[in-house]
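**Q** So TrEMBL says this about it:
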- B:95-296: domain 'ABC transmembrane type-1' (DOMAIN)
- B:12-30: transmembrane segment (TRANSMEM)
- B:101-120: transmembrane segment (TRANSMEM)
- B:132-153: transmembrane segment (TRANSMEM)
- B:173-192: transmembrane segment (TRANSMEM)
- B:228-253: transmembrane segment (TRANSMEM)
- B:273-296: transmembrane segment (TRANSMEM)
Amino acid sequence: MKVEIAPTNQALPPKAAAARPSRWRTFYRKLRKNKLAMVGGCIVIFYIAIALLAPFIAPYDPYEIDLVNKLKPPSAEHWMGTDDKGRDVMSRLLYGTQLSMSVGFVAVFIGAFFGIILGLLSGYYGGWVDTVISRIIDVLLAFPGILLSLAIVSALGPSLFNVMIAVGIFSIPVFARIVRGSTLTVKKLEYIDAIRSLGANDFTIIFRHIFPNILSPIIVQATMRLATAILSAAGLSFLGLGAQPPLPEWGAMLSNGRDFLFTAPHLAMFPGFAIATLVLGFNIFGDGLRDALDPRMKQ
Amino acid sequence: MFVYIIRRLLQMIPVLLGVILVVFLIMQMVPGDPAVLLAGEGASAETIAKMRTQLGLDQPIMVQYAQYVFNVFQGDLGTSLRSNLPVWDEIMARLPATIELALASIFVTVVLGMIAGIVSATKQYSAADITIMVIALLGVSLPSFWLGLSLIYTFSVKLQLFPVAGWGTWKHMILPAITLGTAGAAIVARMTRSSMLDVVRQDYIRTAKAKGLRETVIIYKHALKNALIPIITVVGLQFGFLLGGTVLVESVFAINGLGRLIVDAIRMRDLPVVQGGVLIASIIFVFVNLLVDVLYRYFNKRIDLN
């Protein structure tokens with residue numbers, strides 16, 4: 001006979017359920033104390049705001065060509081100068097925030113989605129399922145750096161969408177390994193045995209009882225991975241394999257700026273600075289999240 | 001140790017077969033018929049059919065994979081569509097520059113990272129410690145291609161101290177090695193700091209201090225030796241990022257290495273070269289991981305890796 005299992009917090013006695021928010025309050029207090037993490041968080045929020053507000057705050061159309069004013073250095077009219085086609089660099093940079101952020105988020109979502117499923121199945125079922133999935137993870141991790149993404153983009157063809165897929169696949173083994181480890185720990189806890197003895201099926205146990213309890217390392221990893229994904233995607237666009245002209249993606253803008261390094265260094269300077277600060281923001285915010293959410297992960 | 005190395009070599013076989021399988025499958029994802037690609041757009045149906053038989057494309061996919069594995073183990077990675085030369089020869093001609101670049105960068109990573117980490121740990125919470133850790137945070141976040149361009153602009157264009165591009169002399173090596181090694185150095189610095197801080201709190205270090213040993217002896221002879229174990233692991237992991245990073249750095253500094261060969265091949269749709277290049281880089285990485293494991297065991301004999 002099957003017994004309907006209530007969600008975790010409802011299954012807890014009222015006292016324990018009431019005590020649950022305090023865990024998040026403790027986390028928030030810890031995070032707020034970490035000044036560096038707050039700086040990182042502010043940088044990330046700043047860029048998210050720019051991405052959302054780009055159409056309202058960009059002074060010019062990012063695609064508008066003005067050959068008369070090409071390669072102009074920063075001035076009162078064009079705060080970050082103009083590029084080789086006379087387009088306003090600042091407007092392109094502001095719109096580019098949307099592209100670079102989207103690539104990062106979509107790639108991490110792809111990596112996390114498949115990585116979490118593989119990790120949960122591998123950790124929960126063990127046996128041959130674990131062996132097969134673990135070997136797949138080992139093989140995917142055997143590709144150095146962005147070479148796996150590079151190979152995928154070479155097969156699918158250069159485009160920003162394909163870069164998202166390629167960087168996403170590159171992130172799958174990282175998530176799978178972390179989730180597998182956490183699942184192995186959680187599935188041995190007594191409450192999982194209790195839920196199983198009540199007749200809960202594997203799907204309910206995995207997704208309603210194990211998954212919510214391994215969210216901390218996943219959130220930390222996702223934040224850190226956003227930095228890597230944005231860097232990797234910008235790198236692929238820099239090589240001409242990602243965003244194609246005239247898209248104002250930061251890596252592609254930097255690549256274009258390289259051709260004018262001697263005459264108009266501002267073209268390479270501003271997009272590079274934007275990538276570096278956004279990645280720095282995610283890195284230090286991720287560090288802070290890790291310390292607050294999952295101190296055991298601290299090296 | 002010998003038995004351990006043999007065992008690890010045997011364990012590598014399925015990983016290598018898996019790597020070959022992934023590369024093989026990725027190339028199967030390429031839209032269109034490879035025979036048409038190889039024979040050229042204007043080729044007749046007869047030529048294309050001949051090419052299909054010649055390449056074994058008329059065989060079942062598992063047979064094609066088995067044939068590919070067999071060829072790879074014989075050093076046959078196919079023929080470049082662009083130059084008509086064997087892919088193996090093309091890769092071997094470019095590999096030395098990449099290995100030199102990777103070794104020079106690993107030198108930057110290890111030396112710069114460890115010195116910074118040791119200074120940081122021995123002067124914890126000082127201005128030097130905070131400065132080093134802030135620089136380390138920045139170092140991890142800098143895009144290597146941007147750092148490379150900034151270094152070229154400053155040291156090659158403005159100060160004219162180093163050549164803008166190319167490879168050959170020690171002067172050519174410095175900027176690319178710094179570009180590629182900086183992120184790794186930043187990670188090693190953070191790791192060395194935390195590892196050293198863990199070690200210097202141990203009883204035996206306190207005993208060494210009580211015995212009146214000089215600080216340099218304590219740091220370099222006693223503490224560093226034990227702090228090295230996690231550092232080696234991080235350096236080993238960094239080698240993978242370095243190999244991947246050569247693609248970008250070789251492109252920035254116009255170095256004729258394996259990374260640039262792969263990127264050029266992608267642009268020209270020269271898929272056998274892409275396939276071979278990615279495969280060789282991954283095989284090198286798998287062997288470097290083995291070397292790291294062996295070093296790990298050597299430095300930490302207490303761990304039973306069997």
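Here the Cβ of each residue, glycine as well, is placed from N, Cα and C on the backbone.
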**Q** Mind pulling out the one from B:101-120, B:173-192, B:273-296 with the most Cβ pairs under 8 angstroms to the transmembrane segment (B:132-153)?
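**A** By Cβ pairs under 8 Å, B:173-192 leads among B:101-120, B:173-192, B:273-296.
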**Q** Compare B:12-30, B:101-120, B:228-253, B:273-296 by their Cβ pairs under 8 Å to the transmembrane segment (B:173-192) and return the stretch that comes out on top.
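**A** Ranked by Cβ pairs under 8 Å, first place goes to B:101-120.
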**Q** Six or more residues beyond either end and a Cβ under 8 Å away: which residues meet both conditions relative to the transmembrane segment (B:228-253)?
**A** 97-98, 101-102, 105-106, 109-110, 114, 117, 144-145, 148-149, 152, 165-167, 172, 175-176, 179-181, 183-184, 187-188, 191-192, 195, 259-260, 262-263, 281, 284-285, 288-289, 291-293, 295-296, 299-300
